[in-house]
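One structure is given below, encoded as structure tokens.
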């Protein structure tokens with residue numbers, strides 16, 4: 001049975017801090033947007049569905065990366081040197097900003113604002129604001145991934 005070593009140094013690094021913040025804001029986004037879904041999803045809910053899919057996808061991916069870095073010191077030293085970190089965070093930032101803009105446009109349409117209850121509007125707006133903060137974190141992680149790519 002392999003030994004599992006907890007990598008406490010990773011949590012204190014900038015990469016670890018960014019991952020923990022991405023997980024925190026991802027949890028908030030998934031929780032807020034997930035609470036707004038019901039069984040009747042229509043065509044007008046495309047942006048909500050897209051936002052939920054993107055936030056869930058990168059939340060799960062970031063969680064897997066965080067756990068692998070936290071449990072394995074070798075993963076925390078090898079994976080950031082590959083191009084995977086750069087591509088993952090760049091794609092996450094692009095898709096998250098696209099889904100956030102789509103959600104904000106939908107909730108700010110004049111025809112939709114009249115039909116959306118104030119609680120729903122505030123929840124969706126809060127979720128999109130947290131997603132914008134998370135997008136900034138993914139951009140910073142992509143920049144860090146570019147800086148560490150190819151380091152020996």
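In case you wondered, yes, glycine gets a Cβ from its N, Cα and C as well.
According to TrEMBL:
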| type | residues | note |
| --- | --- | --- |
| DOMAIN | 10-150 | domain 'MARVEL' |
| TRANSMEM | 20-37 | transmembrane segment |
| TRANSMEM | 49-71 | transmembrane segment |
| TRANSMEM | 86-105 | transmembrane segment |
| TRANSMEM | 125-149 | transmembrane segment |
Determine which residues of the chain contact the transmembrane segment (86-105) at the Cβ level, with the cut-off under 8 Å and only residues 6 or more beyond its ends counted.
46-48, 50-51, 53-55, 57-58, 61-62, 65, 124-125, 127-128, 131-132, 134-135, 138-139, 141-142, 145-146, 149
In the same chain, residues at least 6 away from the ends of the transmembrane segment (125-149) whose Cβ sits under 8 Å of its Cβ atoms read 14-15, 18-19, 21-22, 25-26, 28-29, 32-33, 36, 51, 55, 58, 80-83, 85-86, 88-90, 92-93, 96-97, 99-100, 103-104, 107
Please spell out the DSSP helix, strand and coil residue counts for the domain 'MARVEL' (10-150).
124 helix, 0 strand, 17 coil
